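In what follows, a single structure is set out as structure tokens and then discussed.
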Amino acid sequence: MGEHPSPGPAVAACAEAERIEELEPEAEERPAAPEDHWKVLFDQFDPGNTGYISTGKFRSLLESHSSKLDPHKREVLLALADSHADGQICYQDFVNLVAFFLYNGVSLDQFVLQVTHPRYLKNSLVYHPQLRAQAWRFLTYIFMHAGIEHLGLNVVLQLLVGVPLEMVHGATRIGLVYVAGVVAGSLAVSVADMTAPVVGSSGGVYALVSAHLANIVMNWSGMKCQFKLLRMAVALVCMSMEFGRAVWLRFHPSAYPPCPHPSFVAHLGGVAVGITLGVVVLRNYEQRLQDQSLWWIFVAMYTVFVLFAVFWNIFAYTLLDLKLPPPP
């Protein structure tokens, strides 16, 4: 009594249809997919809708990013774009090149296309002299590299030397040498190259490689190692290439003046650790380190250096009144 009858199925279906029609305009306002974005950009250079654009038009697109893109890398992209040497680029090739290289190399600030980027120092892992109070940076800088070349050579050296050493000496000893080289590398930069940032795992890598090479030289006649001369030659060539590149990069004028180039002194810190602590660790791997007197001497030397570098970072920067690069 007093209840209204429920609407029939036909009325309910009609009301539902009207509600769907009201929602359709909102559904059309969805954001464009990434594929649509690249298609719109491609169509701007292909007004005739032929499905191809000329390499000249692609060059003009790359040159519009000249402030962000290294000129040498831009020429590499152009060569890849015109791989068929027919002067034309299809849509799929355009997407592969622009979407992958430009997105990863420019938009995400990954070091795919440029040796350094003006915002690479903003990463919280990189050692920067203005942020040396953040002590973790003296260790975490190893997780960042200034370019694929830098990363590639360090990976080659770790695979060539680090993995075999770990199989023989164990992860504990090799990890000890590696971490000691990493810390000594960043501290050496803070003392000897006070205005430069640091990136890369070269301090730890060079500690392992130099310890291994020094151990081979000291025990050359008694070592039964296949291709030891070839392995030494390959390691020395890779080390020389990586170190030479680091020196050139440090003194080469920066393309982004507020952004200083990374220091190469970390390499030297790693070598110093390798030919001291590293040689002792690797020389008699069956003997306990606690039983080696030379081990304690080098540990004491390393401890004194670390303490000296800590006090240097606390007092020397203020006393010397250095002009440091602006904080990132």
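The count begins at 1 with the first shown residue.
Here the Cβ of each residue, glycine as well, is placed from N, Cα and C on the backbone.
Predicted automatically and left uncurated, TrEMBL annotations should be read as such.
The domain 'EF-hand' annotation in TrEMBL covers 33-68. The transmembrane segment feature in TrEMBL is assigned to 138-163, 175-192, 198-217, 229-251, 263-282, 294-320. Marked as active site, nucleophile by TrEMBL: Ser202. Annotated active site per TrEMBL: His267, in sequence order.
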- prompt: Where the residue listed as 'active site' and Ser202 (active site, nucleophile) are concerned, what is their Cα separation in Å, rounded?
  reply: 6
Message: Counting only residues 6 or more past its boundaries, what in the same chain has a CB within less than 8 Å of a CB in the transmembrane segment (294-320)?
response: 129, 132, 180, 183-184, 187-188, 190-191, 194, 273, 276-277, 280-281
Field: Residues near the residue listed as 'active site, nucleophile' in space but at least six apart in sequence (CB under 8 A)
entry: Asn154, Gly185, Glu242, Phe243, Ala246, Ala266, His267, Gly270
Query: With the transmembrane segment (198-217) as the reference, which stretch in 138-163, 175-192, 229-251, 263-282 has the largest tally of C-beta pairs below 8 Å?
result: 263-282
Most Cβ pairs under 8 Å with the transmembrane segment (138-163), selected from 175-192, 229-251, 263-282: 229-251
Count of other CB atoms lying within 10 Å of the CB belonging to the residue listed as 'active site': 25
Query: Taking residues 6+ outside the transmembrane segment (229-251), which of them lie with a CB under 8 Å of any CB in it?
result: 115-116, 146, 149-150, 153-154, 156-157, 160-161, 193, 196, 200, 202, 206, 209, 212-213, 216, 261-264, 267
